[in-house]
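*Asks:* I have a structure here, written as structure tokens, and I will follow up with some questions on it.
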């Protein structure tokens with residue numbers, strides 16, 4: 001009798017529809033990872049990036065001057081460098097909004113900008129056979145900022161390049177004012193030509209390939 005009951009139960013089990021177990025919705029924590037400054041421009045950026053991304057405050061920057069970029073920051077050659085290898089690092093301008101002060105940057109933007117400055121500085125120090133680096137930010141008009149857009153001066157240094165080392169900060173102030181006067185690309189440049197700056201940018205771009 002017991003054997004017959006087991007056979008009946010087995011037969012009924014074969015007739016039951018096979019239904020998957022109910023799905024349970026689980027919450028997934030998604031951590032946003034900010035991109036590191038490791039991707040460089042091996043060729044000029046697409047046209048849609050040129051107009052909206054490469055700007056210094058309200059001024060547009062020719063993409064030929066840009067030699068390294070990440071999704072959040074970029075580095076460009078300088079119109080009037082203090083010393084060989086003196087370049088500028090900026091945060092990316094998105095939808096015409098640019099950050100005026102260093103304190104306006106988000107944590108991710110701050111990290112990316114400094115990583116960009118570090119990686120650019122390391123390569124330029126080696127390229128120019130320098131022995132040190134100056135990183136400088138003029139954060140606000142009273143600090144010497146003439147164009148309201150966060151940027152870092154990265155300058156390879158050698159022994160004796162300035163008689164008094166602190167003179168470089170006065171020189172940065174002077175160059176900052178001069179740069180503002182020359183930034184509008186519709187005005188004819190009186191300093192380095194675009195060909196000279198583009199050539200320098202190409203050499204620096206190769207350092208990231």
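Just so it is clear, glycine is given a Cβ too, placed from its N, Cα and C backbone atoms.
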*Asks:* Taking 139-143, 144-148, 149-153 as the choices, which stretch does TrEMBL tie to motif 'Histidine triad motif'?
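*Replies:* Feature motif 'Histidine triad motif' in TrEMBL: residues 149-153.
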*Asks:* Per DSSP, what is the residue count of the domain 'HIT' (52-164) in each of helix, strand and coil?
*Replies:* 32 helix, 32 strand, 49 coil
*Asks:* Quickly jot the same-chain residues contacting the motif 'Histidine triad motif' (149-153) by Cβ under 8 Å, restricted to those at least six beyond its ends, or write none.
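*Replies:* The answer is 55-57, 86-91, 93, 98-102, 104-105, 113-114, 117, 134-137, 139, 172.
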*Asks:* At the Cα level, what's the spacing in Å between residue 138 (substrate binding site) and residue 151 (active site, tele-AMP-histidine intermediate), rounded?
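*Replies:* That comes out at 8 Å between the alpha carbons.
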